Each structure stands twice: as structure tokens, then as C-alpha cells.
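What follows is a short report on a single structure.
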Amino acid sequence: MLTSAEIRKAFLDFFASKGHVIVPSAPIVVKNDPTLMFTNAGMNQFKDYFLGNKKAPYTRAADTQKCLRVSGKHNDLEEVGVDTYHHTMFEMLGNWSFGDYFKKEAIEWSWELLTEVYKIPKDRLYVTVFEGDPAENLPASTVALAKWKQLVAEDHIVYGNKKDNFWEMGDTGPCGPCSEIHVDCRPDTERAQVPGRDLVNKDHPQVIEIWNNVFIQYNRKKDGSLEPLPSTHVDTGMGFERLVRVLQGKQSNYDTDVFTGTITATEKITGKTYGFSDNRADIAFRVIADHIRAIGFTIADGQLPSNTGAGYVIRRILRRAVRYYYSYLDYKQPLLFQLMPVLAKQFETVFPELQQQLDFVSKVVKEEEEAFLRTLEKGLKKMDDIMAGSATLIDGAAAFELYDTYGFPLDLTMLIARENKLEVDEAGFRKEMEQQKERSRAATVVDTEDWVGFQEDQSSVFVGYDQLEVETKLIRYRKVKAKGKEAYQLVLSATPFYAESGGQVGDTGVLSFEGEEIMVVDTKKENDLIIHVSEKLPVNITGIVTARVDAAKRQETAVHHSATHLLHAALRGVLGTHVAQKGSLVNARQLRFDFSHFAKVSEEELVRIEAMVNEKIRENWPVVIREMPKEEAITAGAMALFGEKYADLVRVVTIDPKYSIELCGGTHVKATGELGYFKIVSESAVAAGVRRMEAVAGGAFGSWLTDQVDQLESVKTAFKNPKELTKSVEAALAENAQLKKQLESLENRALVGIRNELLQKDEIVNGITFIGDIVEVGNADALKKLCFDLKNNLNDYVVVLAANIGGKPSVAISIADTVVAARGLDAGKLIKEKVAPLIKGGGGGQKNLATAGGQDASNLPAVIAAIRSLL
Ligand code: ATP
Ligand code: MG
């Protein structure tokens, strides 16, 4: 039996032998593409080649791509673990042709690989062909059909409609007809009864699609129309885990060596046994074995769990896994992080980024699990409260609160409800959920119109490393609308504007269209396209454009980018080489750098880090920038970032070859002396295992310093310019503390006096000892203190104390427990209902003691009278 590693290798070897370049998987987390959060298919990283935005460096490529299908157009989450062949994260094996071979070769090779290399019996294979779609004016795929007829028996060819046989990545983008290959894994007896062709694309667990050959011919536009592409391409995707299951002769993907390692580890940890069934415990095993991969590889690619966007998707997957082991494997401590070493080891040579960051990823996962396990318990208590509140139904709002505040997925709420013979208003829950989605959608949606292109020359080149002003042309533009505001996005054939990436903000500046000046308010990247954002469109769009970057701002930004490299190296030097970049923001005002590290950075370490950076600044190192092959750069010791996609030729920024070598596309100063001085202004925690530093250099350091000195000067002035400022401040603080103590003891003595006077003023009203008076005290707390004090000297009492403290009324009511019980009085209620309106304020408390504060002190006698009248 072939191992999964051998199966993967055979695929790549096969396509290498057919002239394909084997390329690495792109990161699973997508950057620079507003239409996609995660890679959901192998073709994503090649989107620009299909659309003609960029020329591919090769015409044939193959790889295994980490994919995640839990959001957007492709979302399989609910199936995962329940069925045996849909995963959250999976590997998609793929081969590509960029304007090179087309349907004939793609089909031939897929058949050769499956039947001759992998030796899958032909009679178990079925293929599908697009039948056409009149509504979209799409013809049936005659070329594919003719090719298949040469290879397979006709009764193994199935015609498919647009849903199954026309592949699209998302709402817009490259697409085309496809031809799928399905495998019938049923035993022969079953196959004899019902032919496999009847079960193709029918969700039968043993008749499954393994490979899709997509023939990219169109671009789906925003208005829904299809535009033929200038060249045609091949884009194929084969589910690796499904292929392994077929070749290893298993009934389920989870029974292959892709998953058995983590399942066995889960058995050991929980003391439970995986039983291959559909009961909840076995589903839990599968859910864990699946989810751990999605969690591990996305965090390794730089996406931390969070409350929004891609981070929230990861958090949801993680919580889904936690609640499965908590509820169904009866395991109440963090479990997932314990599996991480097993997973990292298994993928060490395929996706080494997990093994390389194992400590970090495990730590992040463990803390997420701990946090959710805490709310899970609180949520369960909340659930008890809701259920104790009777009713036969948990309404939608309550279920949604559990979901939203306690992170309870609906099915967990439903399970617990069922155990207690209660129903959950599912429709109500979904309505609440929809409303919330609506709210967040309305806030973030960006409405993008189609591009208007009108220049032959479609390529867009960045020339801003050495030029800040160039003459160029507008090659396309489009209108966008976000939060009700309209803007334009412009693409130039050559541009000096740096587009936001690698943490560095986009340039701003001016585009001059033969005299008409258009402000560029931001520059962004979409895939590799450089987009200039402006508030209006020039009148004359076809002429020469002078593009000019705001040079001062660019310089200060470059200062902070070079400073970031110096800081990164210093952090590794002082704290250790486990430090890896987890986020970065570089602008003209400051730099912000997030990095993996498990403890607060101490004062002493901060001093050493700053000193190290400033030494490099004083040595005035030239910043040397060179392009070289990636391998060469890595051998030279260059630091690459996890989750970043690099081309074969990389840009390497070196500042003292013994100190800092980084792969980086940003803009930098010529020599470190331009930084002037470097100062860390804050150090804090951002997430589990991630620290954040903010720092300034260059002109921003100057402003920071001036500001500090100004503050210091005003403190000095306030202290009348003492010789030793620190000593004066310390003396003042000590004196202040001393005075506070004295004041407190004086106040306490005064309170004793007031108490004694009050005890003289008691009267008996209807058998109750009543004391009501306006007293002179310095703060509201004193009223409470008096109440406590009086309590020890009275029986069956009601006390109302009022005070005017600096013009503001304050009231306290204290009632003996015996009176609360016998007369049904409630101090909290009295404060709210009787007192608050009279003093124009509010308050509250317990039945035996409550207080209020307000705005109007003129009614204090009325307050006392009102309470007295109740007795
Ligand atoms: P299905 O109908 O089974 O969901 P699909 O039509 O969504 O598959 P494609 O988008 O064509 O699949 O993806 C190409 C291949 O990737 C599929 O043939 C399949 O082998 C694999 N695949 C798709 N989704 C998943 C998933 N969630 N988990 C594992 N493999 C998958
Ligand atoms: Mg699918």
C-alpha cells in the first residue's frame, strides 16, 4: 500500500515529467485580495495569470496547495466530521497550463495518472462533461466529450449542469466549464445492483468526486456577465485526502494515514476509543482530527484567532473542536495544543512552517482553548439560569446571546436544551444572526464596479524605489463605494507610488493630468496590481500623467521601515531567535512591530534593544538592496516571514551583513544615519504569545523628544524649578499621602460625633425606631459608614441620612432586616422610586442598605419626610 507521502510525490513527479515546474503552496491566508479570506483552491495564487494582469514566469506548473473552505462561496464546515470526505483544510493537488496546453492534454494526463500510475481500475471511474447552459449562452463541451470518448466507455460519461460542471472561484473572477472525475468505491455486490453513474454528484459517501479539470475561458464580471479571456488555461484540482483514501482502499478519509496519527493521539489523551461510527463521540474524533489542521496551518501562516474577519473564522473552528471534545469525549482541559507536535512532525517536510513555529502555535492554541473553556463553563451556567427561568422554549434572543457572548454554537445550545426537555427557537436564532450579519455587512461592504480599461499596454510597473516622480499613463480605472462614499481606483502603466504592503503604508501624492491635479489619498495592492485611490476622476484621462509622491512623508516612512529591520534583529539578538514577526505597521509617524515572545520584555532588555539599534544607527551602515534567487538569499541567512508568498527572485535588504538580512519589498533609507535616534515608546501584549512594540525614529523622534521635554518643563515650573526635580516630586507625594491619612482620622472622629448626635434624635414611629436627618459630611461614603455604625446601636430601625456635598445631594437608607421582613420594605426600591425623582438622580442597593446621588439638593427635607410617612 502506498503511503500518503508516496502518493503526493507520485503526483508531483508525474507532472514534472510532463514539463511542469513544481511550485510551493501559497500561504493559506490570503493577503491583497479583497474577494478572498483564505485560499480555497489551487488556482487562487495564479489568478493574475489567468486574468492577464501579469505574465506567468512558466507555462506549466504543479503543486499541492493548502486550502480552507469555511467561508465565502465554498463553505463545507457543517459537513466536516459528519461526512467522511469534506474537510476544512485540505490539500489540493493541481496542474496548470497558462495559455499552453488545453483540454486534450489535461484530460489525457489525468487519465494516464489515475489508471496507469495509480492503477485505479477503469470500471470504477466516471467522468462528467458540461452539457451547456442556454440561459448564459454557454455551449456544451464537445472537445472534452470527444476526448473522453476515446478513453472511457460511454456509459461512464455523465453530463453535468452549470452547478456541477462550470467552476467559479467566487462571485467574480476567472471561470470556465469543467470535467470531473469520480470514483465508485462501493463493494462489487452493490455496484452490480445500482450502476455508479446514477450516484455521481448525488452525495453518496462512496461515490465521490476526486478531481476536477477546469478549463478557464471566461472572466465573470460584476454585473454577472461573462467575458472571454484573451488566452485559455487549464486549472485542475484533486483532493489529496480523497485520493489517498481511494488508493489505500479505505471507507473514509479519516482511516488513511493522513489522519490516523492525530486520531490515535486523541485516543491516548482522552482514554476513549475511535469506533468508526456516526455516533457523536466518533464525529468528535473526526472533527478534532480535521480542525486541528486548519487551526495549526493558518496560525503558522500568520493568522491569529481574533474577533473579526479571518481571525474569527479560525476562532470558530477552534471552538467547534473544543465543544466536541468537551461535550462528547468528556475532556475538560485544553486538548488541541497537545496534538500540535504530532501534526507538525507529520508535515515536517511538506509544510515545514508548522514545525518551525511549534512552540508559538501550541501556545496560542492552548490559550484560546483555556479562554473558551472558561466561557464554556460560564455559558453552561447561564444556560442553567435560562432553563431555571422555566418556559418550554429557549427563545432566539437567548440562544443568540449564548452564541454571541459565550461563543456557544447553536447545536450545543440545542443539545443541552434537548437533554432538559426544552426546545430552541431556531428560526428566531437565525433571524438574530441575520440581523447581526446585516449590521456587519453594511459596515464593511465595498461596492466595486468593473474596470474600465482603454490602453493597449496593460502592465503596471512600480518604479518608486529610485524615482518619486515620473511621467506615465492611466491604463484603467473603476469606481468604488464604501460606507456611502464614492472613490476612484486608478491604475498607471508605471508608478512611483508604493502600494501598502509588508506593513508599510501606501504612498500619497499628486497625479497631474496635463495641469489638472488629482490627490492620491492612498495606494493599495490588489494581487499584484497597484491601485491609486482618489476622490475624483480627471476630466482628461488619456493624456500624459505626471505622478508625484509626497517625498517628505515617504522619507519618514522609509526611516521607520529601516528602523523596523534594525529592531527585528535587535529583538532576536537580545530576546532570542524564537522571535518572529507577527505583524508590522510602518508609517511616517511611527513603527509598530508585533512579534512572538512569551514574556513581558523587561526594562533592562528594552534598554539593551534600544542601545543595539542606536549603535547601528551611529555606525551609519549603508542599506544595501539586491535582487537574487530565493535559495541564495536563504543560504545567506536572510530572514523570510511565515505566511508570505515570495517569487523565485527576491529583494534582499541588508544592513550590516552580520546583523540584519531580510527579504523585503519596502522602501528604505540609504544609510542608517538618516534615522538619527531610535526610541521605543511602548511595549505591551496583543494576544497569547505575541508582544507589541511601538517606536519612533528620525523626525518623529524629534517631535517625541520635544513633547517629552515640554512636559518635563511644565512639571518643573509647577514645582518652582527645584534643583532636584525627582526629590521634590517624591517629597510632595509623601506629604500628600501623610495628609490623606490625617484627614481620614479627623473625619472618622467627626463621624463618631455625628453618630452620637443622631442617636439622640431617634423617634418611634409605629413601633419602628426612625432616624432621619441632614448631616454634614465630606463624601458619600461617610453616609454609608454612619449607617453601618448606627446599625450596631439600634434594633428594628429605619435610618435615612441625607447630605449636601458641594451642592450635590447624597442619600443613604438603612433598614433593619427584621423591618424588611415584617413590613416588606426594600431600601433599594425606596431609593429608586421615592428618592431618585426628588433629587433628580439615581442609585440602588440591597433591601437593607441603598444609596443615591443626584443633581438637586433642595429637596432633602422632603426625602426624609417621604420615607418617614411610609412607616
Ligand atoms: P464536492 O462536490 O465534493 O464538494 P467540489 O465540487 O466542491 O467537490 P472542487 O471545487 O471542484 O470540488 O475542488 C476540486 C477537488 O478538491 C474536488 O474534486 C475534491 O477532490 C477536492 N475537495 C473539494 N472540497 C473539498 C473538501 N472540503 N475537503 C476535501 N477535499 C475537497
Ligand atoms: Mg464542494
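A Cβ is built for glycine as well, from the same backbone N, Cα and C atoms used for every other residue.
What TrEMBL says about a protein is an automatic prediction, not a curated fact.
Now, the feature entries from TrEMBL:
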DOMAIN    2-707  domain 'Alanyl-transfer RNA synthetases family profile'
BINDING   H561, H565, C664, H668  Zn(2+) binding site
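Sequence features, as recorded in TrEMBL, placed on the structure.
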residue: H561; record: Zn(2+) binding site; CB count, 10 Å: 26
residue: H565; record: Zn(2+) binding site; CB count, 10 Å: 24
residue: C664; record: Zn(2+) binding site; CB count, 10 Å: 24
residue: H668; record: Zn(2+) binding site; CB count, 10 Å: 23
Whole-number mean of pLDDT values that fall within the domain 'Alanyl-transfer RNA synthetases family profile' (2-707): 92
H561, H565, C664, H668 excluded, remaining Cβ within 8 Å of their centroid (Zn(2+)): A558, S562, T564, V623, V653, E662, G666, T667
